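Features as listed in Swiss-Prot:
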- 1-23: transit peptide (TRANSIT)
- Lys231: N6-(pyridoxal phosphate)lysine (MOD_RES)
- Lys256: N6-acetyllysine (MOD_RES)
- Lys334: N6-acetyllysine (MOD_RES)
- Arg382: substrate binding site (BINDING)
Amino acid sequence: MFQALAKASAALGPRAAGWVRTMASHQLLVAPPKALLKPLSIPTRLLLGPGPSNLPPRTMAAGGLQMLGHMHKETYQIMDEIKEGIQYVFQTRNPLTLVISGSGHCALEAALINVLEPGDSFLVGVNGIWGQRAADIGERLGARVHPMTKDPGGHYTLQEVEEGLAQHKPVLLFLTHGESSSGVLQPLDGFGELCHRYKCLLLVDSVASLGGAPLYMDQQGIDILYSGSQKVLNAPPGTSLLSFSDTAKNKIYSRKTKPSSFYLDVKYLANLWGCDGQPRMYHHTTPVVSLYSLREGLALLSEQGLENSWRKHREAAAYLHGRLQALGLRLFVKDPALRLPTVTTVAVPTGYDWRDIVSYLIERFGIEITGGLGPSTGKVLRIGLMGCNATRENVDLVTEALREALQHCPKKKL
């Protein structure tokens, strides 16, 4: 073997001699994983949890298209079309509208990293896990975080928020439009105007609500809005949508310190996404194939129309609510006007372990629902109807599966 390597080294020349010598003096100590020598196998699942949701055929097909270079003109054209799609689904004319190469958490972090500076006052509506996450990130950035904490299922009134604005004089308020951990739909009308009266920016999480409930970024005075790809848009997780008002942009561009993240620096991302009128420069390699799928998800929602999508989700949720109540289950959010159409929460029925019910549905029927998350853990079951999954047929499937689960899962005697 060594003679063969020596001959190979001589034949390839001095530049190749180094790696030939390296191969001769080292051994592979880690074998190829046996699991990777088998074909990939994916089970069939009906994803009726809080996300991700199933992919429609058009979105799946987009994910199988051939790769383009991330700086090709055709890729930039796709990015421009995505930006227009975001402006439509957000109902905004903001030029600073783009995609973050990362999940909804990444968009939240991008918003906070670019807007907040050390010492800034940050008012956070914490009525579920997403407010908790926003407060956590704010603390890491050195902001003075002021949580307005409510139990799962709670929401915020204009009066409550105004009291917080007057007391803490924040530069930024965070609210979750669709709190998927508790199933609450937070009203937004009037909050933007209220924030601006106190010289405060309004940041809204619409990951679970976008496309499923009415949302008007410009008309509702929302300064920063973000969402995800894997809910109503029915695209793979891993990309997120983000838009900034001119007021928010001015705050970012006039900050005294650099944002703590290069990857999430909006000034660079604005150039990458063609938002600053300058020739595009390399910043990072975008997930090109994921952008294909996101583009198709936005296209499907655009073809359907926002108002039709909102109506579809409202009707599917109402049908689900009726079927659940017919089973004797209690909806966690009492006020119908505050129920998130895309994610319904049900109080865990007395005597049952929520994990038994979730496991029964996935193992017996291949249907995913989930338990609570963060503060709602152990309190609720969560059922999602998003995008192509928001149908009466799926409601019938999941409620019949729940009926059987309640008959077969162990129940403690009280």
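Note that Cβ sites are derived from N, Cα and C of the backbone, with glycine treated the same way.
What you are looking at is a predicted structure, and each value in this text was computed from that prediction instead of being measured.
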Entry from the recorded positions list Lys231, Lys334, Arg382 having the most other CB atoms no farther than 10 A: Lys231
Assigned conformation of Arg382 (substrate binding site) - DSSP reduced to three states: strand
Conformational class of Lys334 (N6-acetyllysine) under the three-state DSSP mapping: coil
Cβ-Cβ neighbours of Lys256 (N6-acetyllysine) (radius 10 Å): 6
